[in-house]
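The structure appears below as structure tokens.
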Amino acid sequence: MAAKKLTHLDEKGAARMVDVSSKPVTSRSATAKGRVTMQPATLKLIAEDGLKKGNALEVARLAGIMAAKRTADLIPLCHPLAITKVEVDLKMDKKAGTVEVEATVKVAGQTGVEMEALTAVSVTCLTLYDMAKAVDRGMTIGDIRLTRKTGGKSGDYKAK
């Protein structure tokens, strides 16, 4: 099997934005997940909307949606895309002291939305941290990963 080549580097190793102009417009989607782990008392405050900064879950959800739309401004070689859907779900696990974040992004375009889904999850997690850091600076953010993608030349992907 031939080694895969990095598409964002030219033959001299210089960074470049990939030319997708000859690719067909297809329906594409990507889903990513991540987690914020915190003290049970912090999660209780979030669940009861008891933080001074406001409703942490809804602010974080909106931040994730906004981040997906701004991915090309944050990651230098990402294409700006006309995203057709961003959905951010947050699930609290009181026993584990976690908020699980899942983002799904869709587009009809010439390139995928994996980075947009990952960015949405990352910024959602960061926003949860920001909203609750006054009561719990020991929170951790982790396990951010792509879990699924559909469409495009490389085909579908589902994490194991």
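First residue shown is number 1, and so on along the chain.
Cβ from N, Cα, C; glycine included.
Taken from Swiss-Prot as is:
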| type | residues | note |
| --- | --- | --- |
| BINDING | LEU77, CYS78, HIS79, MET115, GLU116 | substrate binding site |
| ACT_SITE | ASP130 | active site |
Tell me the Cβ contacts of ASP130 (active site) under 8 Å, same chain only and six or more apart in sequence, or just say none.
LYS53
Can you give me the same-chain residues 6 or more apart in sequence from HIS79 (substrate binding site) with a CB-CB distance under 8 Å?
MET17, VAL18, VAL20, ALA72, GLY109, GLN110, THR111
Let me know the DSSP-derived helix, strand or coil state of GLU116 (substrate binding site), please.
helix
Which state, by DSSP, holds ASP130 (active site): helix, strand or coil?
helix
In whole Å, could you give the widest CA to CA gap in the substrate site formed by LEU77, CYS78, HIS79, MET115, GLU116?
12
Using Cβ atoms only, which residues of the same chain lie under 8 Å from GLU116 (substrate binding site) while being at least 6 residues apart in sequence?
ALA30, ALA68, LYS69, THR71, CYS78, LEU81, ILE83, VAL86, VAL105, VAL107
